[in-house]
């Protein structure tokens, strides 16, 4: 029999554990509710991912040691660069995966593996694996584990937890625009993989002893930027940030005013709120892209600016003709790094629809071969436009995706970035579920990109004939 004080201590321990479990459950439910209601906003910051991974390892190495497990971190050989990501939410996802791996592993080790590969346009593909030598999961249970409140029995007992952790992980990774996959075999272990496409940061701001403005903003990098937002405090803050970085700024209180300013002046960048009266950000971007094509103006960098953290928001912006989407609130260094990555030292150079130098080299730098190549591209482009119109009318997702993929190969060959991104947007839309209406916006985006390329190729062909 237990002494009274021992019984009291045991009761307190039970109550403490129950309260902790309840607090965890409530916190997880609130996270799910915020995500599903669209009220959970990511706050991207400049982050070195390998530092976050090492931080998570330090946090869990004591728990792993208590179970006699090794907790191993494997980093690729490439030097890591800073990226833009919400460090708190990334750490939340990684911590949940490592915690699960340790919980369901009795012997062996848990491995955290980080791989980063730089792409063009200042982006990087990041893969994070959390692999264990634990009990594994049956194939029938693997998909269910990403649903809320689902747990899988371990032998005859179920491990503690809310059953919400993996569901939250998947939703957070979706918000980051990434994918999460699970590979597992009963008795052999489990590997959960995260794939993220992230923007890389430029060089860090100078040390405090230097003048940050002089060091970071040289005359050739001074941009003329138009900002459009119907909420005055947002405009004031963004204008002050951009002016501090050395840029010239014009303001518009709605999309219609922004369109009129754009028509009268020459800007390198437009940063537009997505939801405004009279003309919203999506409509504004579409109007500008159409007028650029009709007036043969060099396309400007268009960035959406929104507090909406839904995973489809970036794609919605790109379908409207924007280059990318930024999320409020936006820090000064994040803004500076984004513009530095997008423009580098050649801020004032117009961004053509394709790489003329690459096209010339494909023709062996010989005028007659270049002319022949231009004529071939023009003919192929006309056929692509006609076939796109037919497939969009028919709504054939499979053939539309194949058509976009074929065009993408030619776009990559001549460095036609706008066309390349339009192809990828249509391919993504074809893979997603939904009715035929969801194909119209990316289909129209691809049509506009093909028509714009057609006009620019015709111009170069006319010049080559002179």
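Placement of Cβ uses the backbone N, Cα and C atoms for every residue, glycine included.
Per TrEMBL, the feature domain 'Histidine kinase' maps to 1-200. Look at TrEMBL and you will find 224-343 tagged as domain 'Response regulatory'. Sequence annotations record features per position, and here TrEMBL assigns domain 'HPt' to 366-464. What TrEMBL lists as 4-aspartylphosphate is 273. Per TrEMBL, the feature phosphohistidine maps to 405.
Within 10 Å of the C-beta of residue 405 (phosphohistidine) there are 14 other C-beta atoms, taking all protein chains into account.
Across the structure, residue 405 (phosphohistidine) and the residue listed as '4-aspartylphosphate' place their CA atoms 31 angstrom apart. For residue 273 (4-aspartylphosphate), applying a Cβ distance below 8 Å and a minimum sequence separation of six or more within one chain yields 228, 229, 230, 231, 234, 281, 304, 305, 306. Predicted-model confidence for the domain 'Response regulatory' (224-343) is 84, expressed as mean pLDDT.
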